[in-house]
Amino acid sequence: MSISGLISNRNFSSFTASENVYQLRKHQSLQRGSISGLQHGGQIAKDPFARCQHDHHRTSHIEQRTVYGLGVSKLSKVNRACVHYRSEEYDIAETKVDPVASDEGTGEAIILEGNGTPVSPWWQKLPKRWVIVLLCFTAFLLCNMDRVNMSIAILPMSQEYNWNSATVGLIQSSFFWGYLLTQILGGIWADKLGGKVVLGFGVVWWSMATVLTPIAARIGLPYLLIMRAFMGIGEGVAMPAMNNILSKWIPVSERSRSLSLVYSGMYLGSVVGLAFSPMLIQNFGWASVFYSFGSLGSIWFAFWLRKAYSSPKDDPDLGAEEKRLILEGGVSKAPVSDIPWKLILSKPAVWALIISHFCHNWGTFILLTWMPTYYNQVLKFNLTESGLLCVLPWLTMAIFANIGGWIADTLVSKGFSITTVRKIMQSIGFLGPAFFLTQLSHVKTPAMAVLCMACSQGSDAFSQSGLYSNHQDIGPRYAGVLLGLSNTAGVLAGVFGTAATGYILQRGSWNDVFKVSVALYIIGTLVWNIFSTGEKILD
């Protein structure tokens with residue numbers, strides 16, 4: 001077998017051995033002469049590059065050779081071959097050959113398949129922008145795990161400390177006191193400092209508050225309320241920071257899918273929290289859920305420090321092709337120095353976001369915080385059954401959020417305007433829950449009640465491709481501030497809705513609770529379809 005080719009003294013590229021590629025770095029040069037005439041069976045006298053043996057059999061193997069200065073970066077399956085070295089200008093009769101300096105440095109050897117494809121772990125092949133998405137997804141999973149554990153733990157805690165429904169509602173709503181404080185501040189910090197710093201701070205803060213919750217509860221009710229508010233401060237910056245960092249990393253064509261995946265982390269966090277909390281409480285006591293869930297934040301933070309960057313421009317390991325795709329994909333590029341509050345608040349589409357977010361979160365937070373109590377008091381499920389059956393609606397949300405994201409991005413790619421897509425998805429997110437909540441008063445069995453809850457939450461998940469994606473549509477540079485602004489209204493809905501539910505239940509019924517949610521869903525639908533837009537109105 002023979003291999004022939006020419007590697008010039010100024011442009012090394014590659015040579016072929018048995019149809020396998022042995023890659024060499026480009027733009028290397030030999031200080032003396034050139035290499036030519038690659039064939040089987042030859043040998044170079046006193047050659048410092050390689051030693052060959054005569055072998056007429058095709059022996060395929062992985063072989064690594066020391067090649068001075070050639071910048072060999074990849075290895076492949078090759079047959080035994082050797083190199084005839086012919087000096088065009090010098091007669092090389094010595095064994096010492098000067099190494100050639102590489103302007104790119106020596107490359108790292110990577111074993112290739114026979115066709116030249118690198119063999120690397122799947123996580124290294126994942127685009128960097130989706131690494132950011134998965135880290136945000138994990139952060140939101142921890143966010144809801146740490147939030148919903150109180151909705152399960154509150155049942156044995158209220159028995160131990162003799163709390164009534166009004167006190168339980170106060171404790172549940174105290175989380176939103178801190179959550180409300182950092183919505184707009186979190187958006188400002190993220191737009192100015194970068195999403196990596198702000199989201200990392202948030203996870204560490206709320207994880208510490210989660211671990212300290214049992215200690216505060218044993219000291220006294222005021223300390224528990226303060227600690228829950230502290231936890232809200234940490235979680236309050238999460239959504240604005242995430243929205244900021246994804247506005248830098250994700251092109252428009254992938255926006256709905258990426259946001260839906262991240263928000264589905266919240267729903268899966270509810271699934272995990274509601275599924276494991278009863279088991280932990282029954283085996284180790286109610287305090288164990290706070291200690292175990294809160295400690296997970298430190299593990300996440302270690303990965304976040306190593307892998308995350310606020311912007312593609314900050315990532316030294318980002319490939320040129322992916323960077324070009326991101327920067328040409330309509331993402332936010334310029335940093336924010338001043339927030340044009342007057343301009344932002346003068347836009348009807350911004351107020352549509354604010355009002356719709358309030359209407360949406362009223363029903364969502366009631367279900368998040370009061371669903372285990374509903375199952376326990378109305379459907380007569382025990383603690384374990386309440387926790388496990390609460391999993392179904394949130395699991396449904398996680399699934400349908402990603403389905404909705406895929407549908408929304410597909411519609412955009414088919415030529416539908418972003419405005420039309422956002423209105424369709426959010427209308428489903430409002431009218432679906434409204435319909436299924438009205439059916440709860442007519443169902444006769446617990447199974448049908450759980451099914452209605454699941455369908456309500458599943459249709460609610462389409463909101464992730466509606467109003468939750470709209471902040472980056474109308475003002476990508478101010479995505480953090482816009483989400484902080486609208487989510488402030490959403491948090492107010494959580495504060496008032498969660499507390500009001502406790503007082504409604506003391507004087508009325510669960511049907512009254514659901515009627516208020518349905519009315520707000522309808523109002524949100526009207527406002528959204530009249531005033532919202534998917535076009536960029538802030539630049």
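Here, residue 1 is simply the first one shown, and the rest follow in order.
Cβ atoms here come from the backbone N, Cα and C positions, even for glycine.
Unlike curated records, TrEMBL annotations are generated automatically.
Keep in mind the model is a prediction, meaning the values are calculated, not measured.
Straight from TrEMBL, the features:
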TRANSMEM  130-150  transmembrane segment
DOMAIN    132-536  domain 'Major facilitator superfamily (MFS) profile'
TRANSMEM  170-190  transmembrane segment
TRANSMEM  197-217  transmembrane segment
TRANSMEM  223-246  transmembrane segment
TRANSMEM  258-278  transmembrane segment
TRANSMEM  284-305  transmembrane segment
TRANSMEM  349-371  transmembrane segment
TRANSMEM  391-412  transmembrane segment
TRANSMEM  424-441  transmembrane segment
TRANSMEM  478-505  transmembrane segment
TRANSMEM  512-531  transmembrane segment
Do at least three CB pairs under 8 A connect the transmembrane segment (478-505) and the transmembrane segment (130-150), leaving out pairs fewer than 6 apart in sequence?
no
When each of 223-246, 258-278, 349-371, 512-531 is checked against the transmembrane segment (391-412) for Cβ pairs under 8 Å, which one has the most?
258-278
Which bits of the chain, at least 6 residues beyond where the transmembrane segment (284-305) starts or stops, bring a Cβ under 8 A of a Cβ in it?
135, 138-139, 142, 145-146, 149, 152-153, 156-157, 160, 196, 199-200, 203-204, 206-211, 213-214, 273, 276-277
So what's near the transmembrane segment (197-217) in sequence-distant terms, Cβ-Cβ under 8 Å and 6+ beyond its ends?
136, 139, 142-143, 146, 149-150, 157, 161, 186, 189-190, 223-224, 226-228, 230-238, 240-242, 244-245, 286-287, 290-291, 293-298, 300-301, 304-305, 308, 310
Long-range environment of the transmembrane segment (478-505) - Cβ separation under 8 angstroms, sequence gap at least 6:
165-166, 168-170, 172-173, 176-177, 179-180, 183-191, 195, 236, 239-241, 243-244, 246-247, 332, 336, 339, 344, 350, 353-363, 365-366, 369-370, 467, 471-472, 512-513, 516-517, 520, 538
Cβ-based contact of the transmembrane segment (512-531) with the transmembrane segment (349-371), 3 or more pairs under 8 Å:
yes
Using a Cβ cut-off under 8 Å, which residues of the same chain at least 6 positions beyond either end of the transmembrane segment (424-441) come close to it?
256, 356, 359-360, 363, 404, 407-408, 411, 449, 452-453, 455-467, 510-511, 514, 517-518, 521-522, 524-525, 528-529, 532
